[in-house]
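Presented below is the structure to which this report refers.
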Amino acid sequence: MAALVRPARFVVRPLLQVVQAWDLDARRWVRALRRSPVKVVFPSGEVVEQKRAPGKQPRKAPSEASAQEQREKQPLEESASRAPSTWEESGLRYDKAYPGDRRLSSVMTIVKSRPFREKQGKILLEGRRLISDALKAGAVPKMFFFSRLEYLKELPVDKLKGVSLIKVKFEDIKDWSDLVTPQGIMGIFAKPDHVKMTYPKTQLQHSLPLLLICDNLRDPGNLGTILRSAAGAGCSKVLLTKGCVDAWEPKVLRAGMGAHFRMPIINNLEWETVPNYLPPDTRVYVADNCGLYAQAEMSNKASDHGWVCDQRVMKFHKYEEEEDVETGASQDWLPHVEVQSYDSDWTEAPAAVVIGGETYGVSLESLQLAESTGGKRLLIPVVPGVDSLNSAMAASILLFEGKRQLRGRAEDLSRDRSYH
């Protein structure tokens, strides 16, 4: 049997060689058929040149001028091609969320709760514009959640080193987003310290000796709008007393439109410590919510003591006046704050404006501070029968009026110097 197998093996080997040779020749013929001849030479010696089709002309190497024009027409493609190289050279890496990954949900639970936010010292920023403003101001990022890599590449690469980068589905970001149209990127930052922040030079150049003190502001939308107005007017600082909504709440950040990263914001202050944050010789002015006609209807005693005219305070004064008649006791402990129209001059010295909430008004401590610094109540007159102005609107009116007065004083001073 072995003798039969051995000859068969030697017979099969030549057959394989023949098949391989035939297959190689067949492939060569097929490849030759695919080619189009350039010149045909017949046995008679006649030569026929084949003409190329108009659409199959050989490509010409682009000239240097045309290449430059092409680059100018496609700047986005060129910049996009450079971005990955910068990203790769930086050595940044990101993780991709796996099914059932709870990192996003656990972090969102912390940053959306004020007690956890203050305990952990972290805030949530959403959107490329707000995140870019925070990075430029020197805020410290801790973690980014994004749905597309292009969103992350728009941020400064040097600011992303050492930061946890996690790619998640857009649906997951949409579930936790407070925006109507989520932008596909969320950033977790350490709570900014105003001492370590670097604010824009243009903001510092237009800064005025004008401060804002927020007293019992509970509405996030109002506070965010007020901060935006303060940044636009050129306030040098904003102080928030205890009882105000957290300045770093997501709704306040969204309404502020980046104002948090243009000026110092000092949060959660006791009234005893507020004077420590005021420049020397600062006068404190309190915004009054009542109009001239409502002011005239108040009792002389309430008007003299400078209370904001809401029903709660007027009832309190009525009770106090009746008690004075019975006991004959004096109420010298109440602050005496004069009333002044908001458009009269009140910026001859550094000024701080106190804005109270719409529900509770300004506090007794704010009036005491205004009395001790020689400040006044700034009255914004309204038409009889119209309710008090919105806190954000009143703050905008007073702050931009203060800016107008300060600019006018600066122009008068420069004019006097030019004369001399």
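For all residues, glycine too, the Cβ spot is worked out from N, Cα and C.
Per Swiss-Prot, the features are:
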- 1-40: transit peptide (TRANSIT)
- 49-88: region 'Disordered' (REGION)
- 69-80: compositional bias 'Basic and acidic residues' (COMPBIAS)
- Gly356, Ile380, Leu389: S-adenosyl-L-methionine binding site (BINDING)
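Swiss-Prot feature annotations superimposed on the structure.
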residue: Gly356; record: S-adenosyl-L-methionine binding site; DSSP class: strand
residue: Ile380; record: S-adenosyl-L-methionine binding site; DSSP class: coil
residue: Leu389; record: S-adenosyl-L-methionine binding site; DSSP class: coil
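Leu389 (S-adenosyl-L-methionine binding site) is surrounded by 18 other CB atoms, counting those within 10 A of its CB over all protein chains shown. Across the annotated binding residues for S-adenosyl-L-methionine (Gly356, Ile380, Leu389), the two most widely spaced Cα atoms sit 14 Å apart. The Cβ of Ile380 (S-adenosyl-L-methionine binding site) has 20 neighbouring Cβ atoms from other residues within 10 Å, across all protein chains displayed. The number of other Cβ atoms within 10 Å of the Cβ belonging to Gly356 (S-adenosyl-L-methionine binding site), over all protein chains shown, comes to 24.
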